[in-house]
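Novice: Here's the feature list from TrEMBL:
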TRANSMEM  15-35  transmembrane segment
TRANSMEM  47-66  transmembrane segment
TRANSMEM  95-117  transmembrane segment
TRANSMEM  137-156  transmembrane segment
């Protein structure tokens, strides 16, 4: 007897919507206090906090509007959404799923930049010149570059093919009562279920993500 996961999706969507409201409420307070209330935070670090908070709110907004989900099954996983807000096409929503992953990468990258700033502020204040003037563009490019690479990697390397469609199709029907052909979806299937051969396109995506996270 199959177990439906639709109730879990419903819970996740409720949590995502609640998280967006909470993130937006407290995020706006943080931005306001950082810009106008707290006097000890100044210069580039002030804008790092504002940018990080704003991107966090944007990430939560993606979650609340599109409700992306991950489903792991044996040799791979499915990254999908049930929702099609604003009458968007399935192809457009596939792009948005990739952008969601890209925003996640930007968030992690910006978190790393904050730690670099704090480290230099404590142990080598001369290096903070890299956070002033035109040099500060280094960090913007750093975050956007990795976000873009992650987004493009997800879009092309996780594109569903006939093998993945057949492999995950029945599982998605059992767990979510939906045809995998009808929803925006990205997949990773590491091995061919027939002959066990490595599916290098999907594996390359996993290698890319792990390399970016490690870097």
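Using the three backbone atoms N, Cα and C, a Cβ is placed for every residue, glycine included.
Unlike curated entries, TrEMBL annotations are predicted automatically.
Keep in mind the model is a prediction, meaning the values are calculated, not measured.
Describe each of these features in terms of where it is and what it packs against.
Specialist: The list of residues near the transmembrane segment (15-35) in space but at least 6 beyond its ends in sequence, with Cβ under 8 angstroms from a Cβ of it, reads 41, 46, 49-50, 53-54, 56-57, 60-61, 63-64, 67.
With a cut-off of 8 Å between Cβ atoms, the residues of this chain six or more beyond the transmembrane segment (47-66) that come close are 16-17, 19-20, 23-24, 27-28, 30-31, 34-35, 41, 81, 83, 85, 93, 96-97, 99-100, 103-104, 106-107, 110-111, 113-114, 117.
Distant neighbours of the transmembrane segment (137-156): 79, 94-95, 97-99, 101-106, 109-110, 113, 130-131, 186, 205, 208-209, 212, 215; these residues of the same chain sit at least 6 beyond its ends, with a Cβ under 8 Å from one of its Cβ atoms.
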